[in-house]
Ligand code: SF4
Ligand code: SF4
């Protein structure tokens, strides 16, 4: 690889006319070129940190009421995982792409290392199926609740263990040197980050636009890019892990890093390979995440649980009242889930996810019908309008998980409750405004559609946005969920009693 960056960039690309090339970040490409061979050091440090934060709480004492994140590793681990890491990862993608994946993530690095030792099999078609995004997301989100990963150190350690083992096996079977099939096809975190990255301002794209037929052998699937992009015709960001391996790699067809407006890809989604699994993900996320939060605070859940329990009792299915397997549920301190709990939580979250998804899809479909004159136009409008809901879908994940962050700010840094309400409200309202503005721009860009139809379509989008706001209201203003750890810290329960 040549070491002088300037020599690798043909001047005709740097000075080229097309508008998209004006915002090329050559300085960032140079940083990647200089440092990416050392990324493995950062990944190894992160791996050890992950290991420590997952394993140390298993041997630590139960947090006492006077403990803080500085005196108890369980509190520190919960704060870093759920208060900082997850929210930071999601939000940072908008500004720095999936740098978490490319530079820091120990899971992706482990899967890549496994690929060096492994069987190097061809990736079969079933692995490339787009639907894994939805399945893995559902599985991990529901398991996260039944295993109470935010509060139960054993639940957190087990869930990460499952994911690490899976990533290792996928790497071992299908990985090759420098490739990451786990990241591309299975990782639930990566898939969520991939959807967010469509809103992001960084884009790795070919310096020279090529036709599909004009493929270069060194840039086709499985050769240079760890997530199997066919680089010379790359047009999306959702599978790009911001590893920088493609910039300056080969002068002929290299990719550059370009700056673009936030939301650019989502706004022009029809030119950036929209897919149905992302659409389903966007539709189910607000409801599923709200279900995962609301079962903890609403009495509805207890009514639902009693109803399910009643049916099981009437039919003499007593087994469901036994303690559930610790491999799938939380059994800690004062909390022992039965199979009834596991089933009720799963059903409650799934119902919530499904019902809200159906309402969102139905309303978006009516809005699309209003502004379309034929079936093709209808499909296109439905896809475009649904993609504009990415900001609220992602904020739903963040609000559902950010409780730990505020819990610690309250207890250890005396943050007033009002400021918490303000921060959450600003985040939620900004995401809703973003969805609204993107939808408005699309709907009112349709010249041939009557004004009243466009207004009605936009009104339906607003109704959907308000429904999501209403759903999250308890989380924003008032009814906060109090975790078991928090109850201990507030002297409300004493562990073991
Ligand atoms: S896709 Fe998943 S495993 Fe891969 S680097 Fe990103 S977060 Fe880590
Ligand atoms: S396109 Fe591929 S090689 Fe380039 S930064 Fe993204 S993941 Fe890495």
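Positions of Cβ are set from backbone N, Cα and C atoms, glycine also.
No curator has checked TrEMBL annotations; they are predicted automatically.
Keep in mind it's a predicted model, so treat the numbers as computed, not measured.
Residue ranges 39-59, 186-206 are listed, and TrEMBL annotates 39-59 among them as transmembrane segment. Annotated range for transmembrane segment in TrEMBL, selecting from 126-144, 221-239, 240-258: 126-144. Per TrEMBL, the listed range annotated as transmembrane segment is 279-298 (candidates: 19-38, 259-278, 279-298).
The transmembrane segment (279-298) is in contact with the transmembrane segment (126-144), judged by 3+ CB-CB distances under 8 Å for residue pairs 6 or more apart in sequence. With a threshold of 8 Å between CB atoms, the same-chain residues lying at least 6 positions outside the domain '4Fe-4S ferredoxin-type' (159-199) that come near it are 50, 54, 89-90, 93-94, 97-98, 100-101, 107-108, 110-123, 127-129, 132-133, 136-137, 139-140, 143-144, 147, 149, 222, 224, 226-228, 236-241, 245, 262-263, 265-266, 269, 272, 278, 281-282, 387, 390-391, 393-394, 397.
Within the chain, the transmembrane segment (456-473) has long-range Cβ neighbours (under 8 A, six or more residues past its boundaries) at 286-287, 290, 294, 356, 359-360, 363-364, 366-368, 370-371, 385, 388-389, 392, 396, 399, 428-429, 432, 435-436, 439-440, 443-444. Only residues 6 or more beyond the boundaries of the transmembrane segment (384-406), in the same chain, are considered here, and those with a CB under 8 A from a CB of the stretch are 78-79, 81-84, 86-87, 90-91, 150, 192, 195-196, 198-199, 266, 269-270, 274, 278-279, 281-283, 285-286, 289-290, 292-293, 360-361, 364, 367-368, 415, 420, 423-424, 427-428, 430-432, 434-435, 438-439, 442-443, 457, 461, 464-465, 468, 472, 475-476, 480-481, 483. Taking DSSP states H, G and I as helix and E and B as strand, the domain '4Fe-4S ferredoxin-type' (159-199) has 32 helix, 0 strand, 9 coil.
Taking H, G and I as helix, E and B as strand and the rest as coil, DSSP gives the domain '4Fe-4S ferredoxin-type' (81-121) the counts 34 helix, 0 strand, 7 coil.
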